[in-house]
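Per TrEMBL, the feature domain 'PTS EIIA type-2' maps to 5-149.
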């Protein structure tokens, strides 16, 4: 599923102030919940933090892709957030994180989400894509930059 179908303009936050991984995950849960009322922020946060306890989703180069499953049927949901100040995320390379993509997948989804995670991780690492996202100066610019490489032709 293309990123533009999982991410909406109201699920991006540019230049967010977060002081910890916990606060970043809370902000993402609140952001997603505000655009998908059926998903409660507290429940999402618990799902994200539970997944994070299994192993950090900090993939290196200042990037994290926290993800989890959610019980409500439907389609996968993404959110993206850039941080004004990088935070410790227990990343594989110990680099503080300033770019976070969250991905939520329905519990009954097949393994397509693994392909989506892999495609996103590949796009973010070692390319200009992450640099472009970090350079976005507004929520709208961040959304446009986030979906541009994934638009279906």
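Glycine residues also receive a Cβ, built from the backbone N, Cα and C atoms like all the rest.
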To what whole number does the mean pLDDT across the domain 'PTS EIIA type-2' (5-149) round?
90
What does the DSSP secondary structure composition of the domain 'PTS EIIA type-2' (5-149) look like, as residue counts for helix, strand and coil?
63 helix, 40 strand, 42 coil
